[in-house]
Amino acid sequence: MVAGTRCLLVLLLPQVLLGGAAGLIPELGRKKFAGASRPLSRPSEDVLSEFELRLLSMFGLKQRPTPSKDVVVPPYMLDLYRRHSGQPGALAPDHRLERAASRANTVLSFHHEEAIEELSEMSGKTSRRFFFNLSSVPTDEFLTSAELQIFREQMQEALGNSSFQHRINIYEIIKPATASSKFPVTRLLDTRLVTQNTSQWESFDVTPAVMRWTAQGHTNHGFVVEVAHLEEKPGVSKRHVRISRSLHQDEHSWSQVRPLLVTFGHDGKGHPLHKREKRQAKHKQRKRLKSSCKRHPLYVDFSDVGWNDWIVAPPGYHAFYCHGECPFPLADHLNSTNHAIVQTLVNSVNSKIPKACCVPTELSAISMLYLDENEKVVLKNYQDMVVEGCGCR
């Protein structure tokens, strides 16, 4: 059975058995269930638990996530989801971001631990140490890239003035500071000269460091983010390059601009993230019997199975399903294989041989944004979730 079809059956069956399938079963199916001569039996809790575990396993989860209500989804991840699901409202295309996502099917985001240490604020520079706990990065996942996102805010004084510049340097800490050595031993990873005439996120490549920490077993001592103030007073730059939380800043506003580490990886399953586009019909619809094999509407609503508290987006999706007869002789529009044609021919003279079946012949992926068991925000591409075409096989 095709993986995507099996996934949908697992999702639909408990809903059908429980009689709560209003949002998951097409109208025709609901009428059939409503008119059944005997009531449906209620499955045991063990059966329902097994169904849920199988579906969670397909998502790569060991248990159902139960995130707290205080978890904030970074705006960067929401925009990344919009980009790759083809939704309006996404920011302008970012070629560097597109390149990173083109080799990955999983994106993870991490906030730094708040107990950061201000290393120095002298000689026109402000430095801070950032530590990101990467223990939840899957060991069996191939890391394709990693980026540190730093937000910089617009300065009114910088409008029309290119002299308001800062240099942001990102270092990997090779050896932390000790009692005998005041400063850590570091390695430069990336650097950027920025102006403060606009508000935007700056992306820095930290792939080598994250690769050493996650794949090569090196100790993660964190990063040093250094802001060099060019022709500026340090205090002004410190407020506008957001590497620390303001004294009276509330949790929500800080969550919108706090630094973010993003990893791009591939688990070896399916294709990389891509922008989903609406497919055009390959040929005009021909006259066909109402009962012939074709695609039918089916909308899967995650709130119907109580998963809308950890699946951020989409709220549901159009999965579709295949249903209908494969009559003899098989017409061209039924998208049949030679084997199906032969099987149908034999069935016409020998009823012991079953007819060809109406099944999905083409499936596509969807992107999902969700919170995992560790309350980490994940963007992942799942294969074989949408039926694009049906045929007799």
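A Cβ is built for glycine as well, from the same backbone N, Cα and C atoms used for every other residue.
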Candidates C7, C322 - disulfide partner of C390 as recorded in Swiss-Prot: C322
Proximal but sequence-remote residues of the same chain as C326 (disulfide bond) (Cβ under 8 Å, at least 6 apart): S292, C293, L334, S336, A340, T344, K355, A356, C357, C358, C392
Which of N133, N335, the listed glycosylation sites, has fewest other Cβ atoms within 10 Å: N133
Cβ atoms near C392 (disulfide bond) (within 10 Å, other residues, all chains): 26
Length of the line joining the Cα atoms of N133 (N-linked glycosylation site) and C322 (disulfide bond), in Å: 45
For C358 (disulfide bond), the number of other Cβ atoms found within 10 Å of its own Cβ: 22
Rounded distance in angstrom between the Cα atoms of C322 (disulfide bond) and N335 (N-linked glycosylation site): 12
For the disulfide-bonded residues C293, C322, C390, the one whose C-beta sees the most other C-beta atoms within 10 angstroms: C293
